[in-house]
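Novice: Pasting a structure below so you can have a look.
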Amino acid sequence: MALFGFSFPLVFLLLSCFITQLLCNANAFPGHYHNPIQRHRHPRFASHNYRDALTKSILFFEGQRSGKLPSNQRISWRRDSGLSDGSALHVDLVGGYYDAGDNVKFGFPMAFTTTMLSWSVIEFGGLMNGELQNAKEAIRWATDYLLKATAHPGTIYVQVGDANKDHACWERPEDMDTPRSVFKIDQNTPGSEVAAETAAALAAASLVFRRSDRTYSKLLARRAISVFEFADKHRGAYSTGLKKYVCPFYCDYSGYQDELLWAAAWLQKATKNPTYLNYIQANGQILGAAEFDNTFGWDNKHVGARILLSKAFLIQRVRSLHDYKGHADSFICSIIPGASYSSAQYTPGGLLFKMNDSNMQYVTSTSFLLLSYAKYLTTARQVVNCGGTAITPKRLRAIAKRQVDYLLGDNPLKMSYMVGYGPRYPQRIHHRGSSLPSIAAHPAKIQCSSGFNVMRSQSPNPNILVGAVIGGPDQHDRFPDQRSDYEQSEPATYINAPLVGTLAYLAHSFGQM
């Protein structure tokens, strides 16, 4: 008998192969998600275009630029802004990034963004192909600014703009008329966390440019060394001396100890100077190396430091850092669903959930750590032991992929939480420049308070901030897509930065690069 043009034996054979394939993979498929990728093996099917998502995740940073925009600016609805930044204190602080949906330049999250963008390139830049140059330009836009902010020894300029006054307006960065106040730290007003994070960013970026621009790389490394020395010598939290200006926006809740350890780890990696390894060995416990705090984001770097230092042990065979493998394993065990010591929460749809405010930053940073640690473990031919259960690198990659797939649309709402990716994505993100008409569409100045009429409206944002990843859904996978809901609808540079490396890995592993 012929069925749709095929003989019955052939149809039976095809059906048998299909059923066998399903049965063989039944246990490996959580829900409808696909098997984790193997190293050096490219599955024939990927549920997402990771290459497209990678391109867009880097493009987003152009939409966050402050200063004089270059001729090759691709997000064309943006224009020059903040061209007098720093003039209040007679310094040049033009450039850098607006970290989120407002018009303030906060040095602490900007530095962390730079560190994570650099780490993305260090681990996975070789897989980025044509996007590597764009990623490096995104890093350089930040480091050029951080060099300006650290140009005067003993002083670091850590913020431009009064956040309270800025938040009282809803206006385009091109129209800013709120005070561009400049805030700094020095030996009288210390800020070890922001100084150390800046040192980490400069050190990590020096590795990115080591081959392509040795002069620039050396400048970054030298500055990182002096900034770290300042951070360590004059200890104190910037959210003490500058509390009324930086809190509650980027107040330091975890203490500055984690940043000192994190910065020392990056300097050890960048300089190979035994001074930093000695520093880590002498101060690691004091600085909280063994703390069982399993959150990694702009404020808390303990987990990142553990993973980074475990690489030195696993790959470079630095025996004195043996304990960091155990600390890193503890973090891994805490987030493996169903594993012993697991403490992580997941939404019903499978998203890692840490907190209501900008939860997606923890998703992207954790996914990056999982893939990076899987890479180190694979090279060292090791696994993670969670209460007698061996957790393989393959399992870590599967969890990371699952989180990214959720972010890109494999979730109960079928919503991509990256703007401009997929058929359905947030239309009303909490972002001034995106929500207000562009200069090209509306050349006249939009006054401070009149913009709130747009902020409160239900109209979609007229300017697409391509690649922006927002705070994301709540613990029940709900997302209202309301512009006023900054906890769920605001994008941030530090959400995107670790995602860049993760997407590069996934795009390469599925043969898309």
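Including glycine, each Cβ sits where the backbone N, Cα and C put it.
For 1-24, the entry in TrEMBL reads signal peptide. The domain 'Glycoside hydrolase family 9' feature in TrEMBL is assigned to 50-503. The active site annotation in TrEMBL covers His430, Asp481, Glu490.
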Novice: Could you round the CA separation between His430 (active site) and Glu490 (active site) to a whole angstrom and send it over?
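Specialist: Taking the Cα atoms only, His430 (active site) lies 5 Å from Glu490 (active site).
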Novice: Check the domain 'Glycoside hydrolase family 9' (50-503) for me and report the mean pLDDT.
Specialist: 96
Novice: What's the CA-CA gap between Glu490 (active site) and Asp481 (active site) in angstrom, rounded?
Specialist: 10
Novice: Within 10 Å of each Cβ, count the other Cβ atoms, then let me know which of the active-site residues His430, Asp481, Glu490 comes out lowest.
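Specialist: Among the active-site residues His430, Asp481, Glu490, the lowest count of other Cβ atoms within 10 Å belongs to Asp481.
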